[in-house]
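Swiss-Prot annotations:
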BINDING   12-18, 40-42, ARG313, 339-341, 421-423  GTP binding site
ACT_SITE  ASP13  active site, proton acceptor
BINDING   ASP13, GLU14, GLY15, LYS16, ASN38, ALA39, GLY40, HIS41, THR137, ARG151, GLN232, THR247, ARG311  IMP binding site
BINDING   ASP13, GLY40  Mg(2+) binding site
ACT_SITE  HIS41  active site, proton donor
BINDING   ALA307, THR308, THR309, GLY310, ARG311, PRO312, ARG313  substrate binding site
Amino acid sequence: MPVSIVIGSQWGDEGKGKIVDLLSPDVDIVARYQGGANAGHTIVWDEEGETEEFVLHLVPSGIFHEGVTCVIGNGVVLDPKAILEEIEKIESLGIDVEGRLKISHNAHLIMPYHKAIEAAQEEDRASASDDDEIGTTGRGIGPAYTDKFARTGIRVVDLLDEDVLRRKLRRSIEEKNAILRDVYDAEALDVDRIVEEYVEFDQKIDDYVTDTSAYLSRALDDGARVLAEGAQGSLLDVDFGSYPYVTSSHPTAGGCCTGLGVSPTEIDRVLGIAKAYCTRVGNGPFPTELDGEVGQALREKGGEFGATTGRPRRCGWLDLVALRYTCMVNGFNELALTKLDILSGIDELKVCTEYRYDGKTTRRFPSEPQNLTRVEPQYETLPGWEADISAVRHVDDLPRAAQDYLAFIENYLDVEIGLVSNGPRRSQIITDVQPMAAA
């Protein structure tokens, strides 16, 4: 198992953190390949009978497992203040981070002006039209990636040379202040304060910085097992999602190679993570969205509030048209289905199997947002189940209707479900699922 990838197959918040946490004891390295502190991976574990919850935004979830090294790759945009706060919080739990966290010297940095510009942009969009507002997390992710691809960004390696950092920072801040003042009529930032603050980060972050691509290459040559994790979900990919209501990077499988510097030939497992229903945060088309009591019930029972922003998530029925699309884009050879327990108590479950558009039905997912807003989901209705399944550990102990639900998904997608999560805790997992399609 050279490299396995864990990928969100919907609009994010699928439960990737729990699955990475589950798989981490069997690997040597867990590596994050894109995104920034706009993603929140929630880990819930049991220690001596007590349940504890921890939300990670940047450090891979493998940090909770002794002997596992964690990597933040070059594809990540890094907020130095956020990463240092997260490290401090992890260490306060008695978990050793020293020597176990490696940060790419080529990762780009998120600066205060990125957050200021993002806030100004969102305010400007909102004043123009509610439909134009993308609904970002306010963490400066988009503007940081903008600078990266404009080749004006500041990278982690720049923190290590004070003269270079001061020169680049002053030039960038003066440029961004002109945009804030003249375009958005917003308050300018204090150049000297930001320069001094970021010069200090060098002393605190230096021990973690390395060429992570070279590190991973050597580790793979030595037979290391690597688990790569993305942030957000495939339907938020900047190229393959519902543009412009997307993130600014590539959560899809291809992002792993460019975000870590590993060869595609090293990848042998692509594991898609999907909820048993759908959720979405922020604006953008959502064909199976439920506005009534069922949607509210899913939100409350599933705790569907953003781990990063706290915003309520929009909830809807499982969309197999969309999931089939992300299976195609990523080449999943296995799925993990999460939050199956949340569906207990619903008499009838609807699953979207086709879209109706312009008088015709199709199984093709239209990535163009203007078309996606006009499709009408066509549903298959499946029987629900009443039983609380959160204590089930073997697939044969699930209610027949729950087993049929899993089999229906497998048959439609032609992808096996290898894992089923039926609760937030580490122990709430069913691993003997295959082959459900034959059930």
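Backbone N, Cα and C define each Cβ position, glycine as well.
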DSSP-derived structure type at ASP13 (active site, proton acceptor), helix or strand or else coil: coil
ASN38, THR42, GLN232, ASN422 as binding-site residues, winner by CB count within 10 A: GLN232
PRO312 (substrate binding site): secondary structure state under DSSP, collapsed to three categories: strand
Candidate with sparsest Cβ neighbourhood (10 Å radius) among GLY12, ARG311, the listed binding-site residues: ARG311
Around the Cβ of LEU340 (GTP binding site), the count of other Cβ atoms that are within 10 Å: 25
Neighbouring C-beta atoms (10 Å sphere around the C-beta of GLY15 (GTP binding site)): 19
GLN232 (IMP binding site) in three-state DSSP notation: coil
Cβ neighbours within the same chain of PRO312 (substrate binding site) - under 8 Å, at least six residues apart: ARG299, GLU304, PHE305, GLY306
Local backbone state of ASN422 (GTP binding site), from DSSP in three classes: coil
